[in-house]
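Trainee: This structure is in structure tokens; I'll ask about it shortly.
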Amino acid sequence: MDAEGLALLLPPVTLAALVDSWLREDCPGLNYAALVSGAGPSQAALWAKSPGVLAGQPFFDAIFTQLNCQVSWFLPEGSKLVPVARVAEVRGPAHCLLLGERVALNTLARCSGIASAAAAAVEAARGAGWTGHVAGTRKTTPGFRLVEKYGLLVGGAASHRYDLGGLVMVKDNHVVAAGGVEKAVRAARQAADFTLKVEVECSSLQEAVQAAEAGADLVLLDNFKPEELHPTATVLKAQFPSVAVEASGGITLDNLPQFCGPHIDVISMGMLTQAAPALDFSLKLFAKEVAPVPKIH
């Protein structure tokens, strides 16, 4: 999907509520610095100072819209950034520009960092000749999941399930609580009805076969080494060709190609949201017609 079209996925009401909570967190009371800047009309240039993928425009826009400011973008969502790049301009009352500055930069930097990591992972997978799905996980920051899942999509990865209601995931603790793989999958199938798929986390070929026999749609081979993963997936697919196989656990950008194989359908990576470094952006007010280019430290 075109990155610019992904903004349609974001519910306006949810987006507005998130932005409101972020701004209230940063300034719940008196804003003394507003007396320094004043309320005169001002303009600021948004600069990208590190390479990566630009992501998070809808959040950036929503923050400044709530503060009666206008954003003009010079690069589309999903663009590859080559520093130093002038990405956008923001216009509005000075105290409003500065009130939204840090919240907007934090959101854009984090979202772009995740999109950049996702894009690198997809590129590594395609470079290995693999055409399956690179996906994120539910290992996201509480209260910030919408931004992080959106960043995955801009980077070309799959978001995986958004929340507990998107897929019935039977994990190891569910198996223990239910009293075995078969009982757990049976209960999951009954709960899922015809609307949801059931995925089962497995730590051995035996568990994977039990899960598939019990009716799992997807089998998650968790924390398998590559030399164990591919033989297990081969045997499983031979017996259950319609069952999708997901690999997860300990997968990084460096070792990702080792997990790519003809019997692996999905590779999920927690590091895409947990370890992706934020990109470096700055927002600089300027008085002249041409904004000065910031230095990279």
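Quick reminder: no glycine exception, Cβ is built from N, Cα and C everywhere.
In case it helps, Swiss-Prot gives these features for our protein:
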| type | residues | note |
| --- | --- | --- |
| REGION | 8-12 | region 'Important for hexamer formation' |
| BINDING | Arg102, Arg138, Lys139, His160, Arg161, Lys171, Glu201, Asp222, Ser248, Gly249, Gly250, Gly270 | quinolinate binding site |
Trainee: Under a three-state reading of DSSP, tell me whether Lys139 (quinolinate binding site) is helix, strand or coil.
Mentor: coil
Trainee: Please count the residues of the region 'Important for hexamer formation' (8-12) that DSSP assigns to helix (H, G, I), strand (E, B) and coil.
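Mentor: Residue counts for the region 'Important for hexamer formation' (8-12) by secondary structure: 3 helix, 0 strand, 2 coil.
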Trainee: Looking only at Arg102, Lys139, Arg161, which of these binding-site residues has the biggest number of Cβ atoms within 10 Å around its Cβ?
Mentor: Arg161
Trainee: So what's the mean pLDDT when you look at the region 'Important for hexamer formation' (8-12)?
Mentor: 96
Trainee: Highest Cβ count within 10 Å among the binding-site residues Glu201, Ser248, Gly250: which residue is it?
Mentor: Glu201
Trainee: Using only the Cα atoms of Arg102, Arg138, Lys139, His160, Arg161, Lys171, Glu201, Asp222, Ser248, Gly249, Gly250, Gly270, which the record gives as binding quinolinate, return the largest interatomic distance in Å, rounded to a whole number.
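Mentor: Roughly 40 Å, rounded to the nearest whole number.
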